[in-house]
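Novice: Have a look at this one before I ask anything.
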């Protein structure tokens, strides 16, 4: 399997997860169908769009492949239809968001490396791809962005990006490196959610 195929597959997984997470939040906020589709789209491609703009990587990834938008719309509509079943999952927004966080971190790192950027920039792009869609989603929905809470979010992405770079430096096959990285990020994020772990906050007093 080629790198491009792996990246596209992961991209679609991340987009599906983030579209679902965005749709869940939009429905909770009482938005109409078009509002749900908008939030699902922003949440799914926002981070990758910012990444491509920063890397001067044109054309923007979702503009040349209609599959991305099709996946977003299908996931948004399925979430609208099966919302009552989806919310039976414990903390569904956090679960789907963690899947997207994991996939998009890997994608961001790989896209930067493929464009001949340094490992440091690759880490930044991993975090950017993983977080900016969620930031835009939350701001539009009048929520404090999840990444700004005390919850361990960007930290999980940073650790995962670092692990992926180390594995690739050791010439570990991507078919092995990707699952290790994905499971690490998802595991850190969900463990932090269920145990209410977080970074220290400054007291304004």
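Cβ atoms here come from the backbone N, Cα and C positions, even for glycine.
TrEMBL feature annotations, pasted as is:
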type	residues	note
TRANSMEM	6-27	transmembrane segment
DOMAIN	10-83	domain 'Glycine transporter'
TRANSMEM	34-54	transmembrane segment
TRANSMEM	60-83	transmembrane segment
TRANSMEM	95-114	transmembrane segment
DOMAIN	95-167	domain 'Glycine transporter'
TRANSMEM	120-140	transmembrane segment
TRANSMEM	152-170	transmembrane segment
TRANSMEM	176-197	transmembrane segment
Novice: Counting only residues 6+ away from its ends, which parts of the chain sit with a Cβ under 8 Å from the transmembrane segment (95-114)?
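Specialist: Counting only partners 6 or more residues beyond its ends, the transmembrane segment (95-114) has Cβ contacts under 8 Å with 3, 7, 10-11, 13-15, 17-18, 20-21, 24, 43-44, 47-48, 51-52, 55, 57, 89, 121-131, 133-134, 146, 153, 156-157, 160-161, 164-165, 168, 178, 181-183, 185-186, 189-190, 193.
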Novice: Within the domain 'Glycine transporter' (95-167), what mean pLDDT does the predicted structure show?
Specialist: 93
Novice: Short question: which residues 6 or more past the ends of the transmembrane segment (120-140) have a Cβ under 8 Å from it?
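Specialist: For the transmembrane segment (120-140), the nonlocal Cβ contacts are 18, 21-22, 25, 38-39, 42-48, 50-51, 54-55, 97, 100-102, 104-113, 146-147, 153-154, 157-158, 160-162, 164-165.
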